[in-house]
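Chemist: Annotation comment: TrEMBL describes 180-326 as domain 'O-antigen ligase-related'. Taken from TrEMBL, the feature transmembrane segment covers 5-24, 30-50, 57-79, 91-108, 115-136, 148-167, 174-192, 198-215, 220-238, 319-338, 345-362, 368-387.
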Amino acid sequence: MAFRILHPLIAALFAFGPLFFAMFANSVVAQAYLGSAIALSSLIILERVFNRSLPTWTLFLLMAASVVMICYWALLLASGSGVDSADTFKVLGRLSIMPLVLCAAGLIDWRRPSVIRCVSITAIVLLSLFTLVHLNNGMTTGLIFLELHSNFLGIIGGFAIIFAFYFRRIGRSSILNILLAAVGLIACVCSVSRTSYAVVILFFGIYFIYCLIGVRPITALPAVVLTIAAAITLSLSWPNWIEHPTVQRASEVSMEHLGKRLGGGRALMWQKGKMRFEKNPWIGTGTEAHADWTVIKKNGEVLKLSIHNYYYAVLHESGIIGLAIITAYIMAITWVLSTGHNMDSMTLGIAFLLVLLIHQITEVSLTTGSFMVGIAMWTGLGAMLSGSRSIPVDPRRAVSLW
């Protein structure tokens with residue numbers, strides 16, 4: 001199969017694939033999607049290795065880290081972690097598809113106009129539907145994947161703004177870039193999600209700082225390590241800070257003006273997560289074992305509540321070993337991003353990665369949580385990883401901010 005044909009085909013697969021997975025989970029269609037994703041990803045990997053467009057050691061490093069992470073969680077599932085057998089396929093599918101998305105997206109040439117058009121149009125249509133459903137107070141559509149939580153809608157809108165900026169940097173300016181940014185901004189505003197506002201502001205702030213100091217391993221690797229360390233420290237200390245009079249007053253002001261308390265009750269969830277982690281600190285309690293976070297509604301429906309902190313989720317589900325694996329995987333991605341040829345894509349990629357790590361202090365999306373948010377995260381990171389390994393078409397782009 002010709003390499004030029006594979007690029008738009010893979011882009012279309014990973015643009016529309018999540019829709020079929022969301023609609024037909026635990027069905028033959030979902031299995032066919034996962035199988036085709038793996039097969040087509042393998043074809044692109046083989047062609048890219050033989051073309052030597054991406055260093056072979058880099059590819060194997062990413063794939064090895066992915067395999068280790070997937071096998072570790074599969075082991076936890078097999079050992080009886082509280083996940084019903086009927087949900088095993090869905091959990092394994094969600095855990096395994098994220099690294100596959102990164103590998104596939106990282107091996108696509110995102111500078112091709114056909115790829116940018118395909119992804120941009122799909123994102124514009126989906127985000128418009130998400131926003132319309134949200135504005136209609138979550139009207140029942142029969143399609144569950146269209147009904148997003150306000151926080152998820154806001155963060156995907158924020159990612160759309162970031163992707164529009166990235167597409168503008170690697171390609172030519174077009175009406176699709178403007179439409180994608182506009183739809184993303186509307187989604188952020190309509191969601192009233194404070195997290196989405198912070199993500200967009202943080203991304204551009206970090207991006208412009210790295211434009212000034214330059215992206216190299218010596219500036220990227222320590223930044224990622226410090227961000228993860230700060231996130232874990234904040235997660236451990238926040239439940240104690242919440243009792244401080246100043247924080248309580250800030251929470252009252254937030255409730256008065258926004259209708260939401262500061263932290264949204266996350267401190268209590270984090271305290272329970274800490275207790276679960278302390279019971280089995282090395283290997284954790286198992287993937288998606290949320291015994292302490294089940295709520296029974298009036299109609300008898302049982303809900304599982306998210307801990308709203310990725311680092312606590314990893315610690316209490318997979319323990320210190322799981323956190324070490326995830327950290328090693330993130331460091332491998334950081335090394336690949338910071339040793340590329342395209343300075344602008346390297347800068348965008350490191351800024352995006354740091355924002356994702358900061359965002360995970362209040363959400364759980366990197367490997368679990370919202371499937372749509374996870375797909376957007378890994379696709380964006382893979383796209384920027386791909387750009388960092390390519391030679392810039394216009395060298396002036398490496399130094400100009402716009």
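We number each residue from 1, going along the chain as drawn.
For all residues, glycine too, the Cβ spot is worked out from N, Cα and C.
For each feature listed, report its degree of burial, its nearest neighbours and the pertinent distances within the displayed model.
Modeler: Using a Cβ-Cβ cut-off under 8 Å and counting only residues 6 or more beyond its ends in the same chain, the transmembrane segment (148-167) has close neighbours at 110, 116, 119-120, 123, 127, 130-131, 133-134, 176-178, 180-181, 183-188, 190-193, 195-197, 199-200, 203, 345, 348, 352, 359, 363, 365, 370, 372-373, 376-377, 380, 383-384, 387.
Residues of the same chain lying 6 or more positions beyond the ends of the transmembrane segment (220-238) and with a Cβ under 8 Å from any Cβ of it are 263, 266-267, 270, 274, 309, 311-312, 327, 330-331, 334-335, 337-338, 350, 353-354, 357-358, 360-361.
Taking Cβ pairs closer than 8 Å, the transmembrane segment (345-362) reaches residues 155, 162, 165-166, 169-170, 195, 199, 202-204, 206-207, 210-211, 215, 220, 223-224, 227-228, 231, 234-235, 266, 308-311, 330, 333-334, 337-338, 377, 380-381, 384-388, 390, 392 in its own chain, all 6 or more past its ends.
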